[in-house]
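Okay, structure first, notes after.
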Amino acid sequence: MAACTIVWFRRDLRLEDNPALIAAARAGTVVPVFVWSPAEDGQFHPGRVSRWWLKQSLTHLELSLKKLGSPLILRKSPDTLSVLLEIAEATGATQVFYNHLYDPVSLVRDHRVKQGLSQRGIVVHTFNGDLLYEPWEVYDEEGQAFTVYEAFWKKCMSMPFEPEAPLLPPRRLTGPIGKIVGCNAEELGLEDEFEKSSNALLARAWCPGWGFANKSLDSFLRSPLIDYARDRQKADGASGTPTSLLSPHLHFGELSVRKIFHEVRKRQITWAREGNAGGEASVNMFLRALGFREYSRYLSFHFPFTHERSLLANLKSFPWRADEGYFKAWRQGRTGYPLVDAGMRELWATGWAHNRIRVVVASFSVKFLQLPWRWGMKYFWDVLLDADLECDVLGWQYISGSLPDGHELDRIENPEVEGYRFDPDGDYVRRWIPELARLPNEWVHHPWDAPPSALRAAGVELGTNYPRPIVEIGAARERLQASLAEMWERDAAMKAALANGLEEGLGETVEVAGTGGPEHERMDVPRVMVHMQRDADMSCNSSRRDQLVPEIVPNQFHIRAHESIMNRSAAMVEDGEEAGRAAVPMVFASVRRGMGGNYGGHHVEGNGGEVAQASAPIQWPTVTAVDYELDSTAESASVTGRGGSEGGTVPVWSQSVSARTPIQVREGLVPEVRRGPGLSRRQLQASVQRVNLEGMTSNKAEEEDFYVPKLVKWTQPRKRRVKQDG
């Protein structure tokens with residue numbers, strides 16, 4: 001008798017090269033399911049444009065699956081596990097298949113789902129549908145996780161086996177007998193009525209869906225790829241996009257990264273045979289860009305605290321400035337620096353910006369304004385069309401100097417120089433800042449230096465219709481150096497407070513240049529053991545079996561980590577109407593009341609009906625707790641004081657009218673810093689990094705299947721880049 005299998009779709013909304021779907025099709029009856037559970041996303045609830053894309057993509061996938069013979073079942077619920085159990089009972093399904101995700105939010109949820117299904121006798125099989133290589137397959141010569149991109153990508157490109165070839169979609173699917181209660185994409189509530197008029201503009205530029213994703217890839221391979229190395233830095237794509245524009249398709253899993261890799265490699269082989277050096281260079285450059293996405297998942301999996309804390313431990317002492325006025329001016333595109341303002345206005349209007357522009361605006365936020373990088377990361381998450389938590393974290397940590405190979409802490413770029421480098425003709429600035437449209441090229445990137453006659457002729461009144469710079473470049477450099485000096489003083493004081501200046505697991509240290517402090521300063525980098533000596537007998541083939549299933553073992557700290565992700569200690573409020581009427585970028589994606597409560601409820605939304613649920617809260621599996629007596633190291637502690645042993649401080653995006661002045665209410669959300677639940681970030685890391693590689697053919701993992709990374713510290717020199725003039 002053929003098995004009945006539920007395929008749980010998440011960020012893999014495609015038919016082609018979908019390992020979970022294809023394996024289920026081979027097993028027998030297939031029940032495709034997608035559960036929209038914003039409550040489980042907590043503070044990382046998708047923003048407006050991301051939800052629009054998801055709605056269109058689900059509609060496209062629903063039609064495709066229906067044609068194959070098994071329609072997609074859509075459900076909305078505060079609890080994914082209860083929906084899967086209910087559908088399994090209704091269909092008689094004995095298996096649940098899904099593809100891996102690697103961000104901390106998904107790891108917490110996926111573990112709970114797997115445990116709940118297994119306890120009910122349902123077999124869970126998981127697959128790699130998102131990466132070229134699984135995070136536990138790539139490690140250095142000492143068996144530890146990489147913390148430098150170049151070394152990581154070099155190892156990936158020198159692996160003894162190529163990434164798996166993409167799989168063809170199933171020819172047909174055998175659907176379940178009888179009708180399963182569900183809803184359509186419109187009933188999921190992904191799009192509010194007041195959002196539809198704005199979202200309609202997105203459809204003019206983008207076509208979500210896995211079928212359109214393949215067309216976008218074909219278009220990129222035909223033309224832009226061959227000149228990618230030459231054109232990728234152009235900020236203005238009016239005459240033809242210089243980038244692939246595949247990132248939204250990749251985030252929602254409409255396009256397989258393995259398919260992109262193999263298609264691009266085919267072009268590389270062809271151009272190498274033809275002696276086309278430019279084409280080869282373009283492929284190498286594009287593959288490196290694809291590698292950054294791979295690396296973002298790698299870091300998120302091995303260092304799951306990085307969405308809240310810098311990878312470099314020294315950054316916990318940096319005196320970030322919680323200046324709401326600066327933050328508002330930055331996100332509204334009113335900093336007085338044309339390239340920065342143009343980028344922020346494009347980001348708000350379209351949900352998109354060129355990667356080079358994202359680097360410029362992010363660098364301005366953390367280096368000029370010294371705003372906490374987590375504020376910028378959260379804003380990008382809320383407004384980007386391709387908002388991707390892992391890539392978002394990697395990008396902001398790289399810009400803020402929080403990575404060993406990121407921007408140096410004392411590196412600060414001049415937006416004027418960057419403007420002439422990436423927008424030499426000023427076309428990009430003029431498109432998004434019409435106030436400067438008539439300003440000559442000579443002054444378009446630094447209007448404050450233009451003579452009064454030129455400003456009058458262009459109709460520019462600095463301080464009236466276009467702002468003056470909110471921070472002078474010279475002052476920004478001096479303030480950054482002062483902040484770095486303060487950071488090193490704090491860091492030295494913290495280390496001196498330890499017994500005899502020794503810290504367990506600190507390891508050797510080396511001299512580091514270019515960190516914004518004295519050349520003898522040391523940067524502390526955590527390390528994670530990936531490949532242990534007892535695994536030496538495992539061959540390469542065994543390390544890449546489908547049986548290797550990431551799973552985190554919960555304990556009291558794991559539960560607290562889940563509460564931290566949910567931000568449940570924060571007050572949740574309704575959406576404000578002023579935000580919807582704003583003419584300039586002012587607000588964050590809203591969080592509805594009730595999303596921060598317990599999972600226990602009385603019903604979940606279906607197709608006009610209700611699905612019974614237990615009203616009791618979640619019962620987490622009982623395990624032995626591990627005592628990790630480590631302090632919180634969240635950067636936001638530098639804003640309101642370091643968190644004590646009861647937990648760190650985390651930013652909460654609130655719209656509480658009572659906490660703000662009337663003008664702040666009119667102008668939208670402002671960041672507030674509140675104390676979160678008792679949780680050490682290192683406890684979160686130690687808990688989440690317990691990974692169980694469970695056998696695919698057994699519900700009970702054997703002893704040798706458990707993979708428990710060891711945490712140690714090491715230090716690494718950071719090479720100072722030589723700045724090149726534009």
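Positions of Cβ are set from backbone N, Cα and C atoms, glycine also.
Database features (TrEMBL):
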type	residues	note
DOMAIN	3-132	domain 'Photolyase/cryptochrome alpha/beta'
BINDING	TYR228, THR243, SER244, LEU245, LEU246, SER247, PHE286, ASP386, ALA387, ASP388	FAD binding site
SITE	TRP320	site 'Electron transfer via tryptophanyl radical'
SITE	TRP373	site 'Electron transfer via tryptophanyl radical'
SITE	TRP396	site 'Electron transfer via tryptophanyl radical'
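DSSP states for the domain 'Photolyase/cryptochrome alpha/beta' (3-132), grouped as helix (H, G, I), strand (E, B) and coil, give 65 helix, 30 strand, 35 coil. The Cα of LEU246 (FAD binding site) lies closest to that of TRP396, out of the recorded sites TRP320, TRP373, TRP396. Taking the domain 'Photolyase/cryptochrome alpha/beta' (3-132) as a whole, pLDDT averages 94 in the prediction. The Cβ of TRP320 (site 'Electron transfer via tryptophanyl radical') has 23 neighbouring Cβ atoms from other residues within 10 Å, across all protein chains displayed. Listed in sequence order, the recorded positions near TRP396 (site 'Electron transfer via tryptophanyl radical') (C-alpha within 10 Å of its C-alpha) are TRP373, out of TYR228, SER244, TRP320, TRP373, ALA387. Taking TYR228, SER244, PHE286, ALA387 as the binding-site residues under consideration, the smallest Cα distance to TRP320 (site 'Electron transfer via tryptophanyl radical') is found for ALA387. In this structure the C-alpha atoms belonging to SER244 (FAD binding site) and TRP373 (site 'Electron transfer via tryptophanyl radical') are separated by 27 Å.
Between the alpha carbons (Cα) of TRP373 (site 'Electron transfer via tryptophanyl radical') and TYR228 (FAD binding site) lies a span of roughly 30 Å.
For ALA387 (FAD binding site), the same-chain residues 6+ apart in sequence whose C-beta sits under 8 angstroms from its C-beta are PRO46, GLY47, VAL49, SER50, HIS251, PHE380, TRP381. Around the Cβ of TRP373 (site 'Electron transfer via tryptophanyl radical'), a 10 Å sphere holds 25 further Cβ atoms from the protein chains shown.
Taking each Cβ in turn and tallying the other Cβ atoms within 10 Å, the top scorer among the recorded positions TYR228, PHE286, TRP396 is TRP396.
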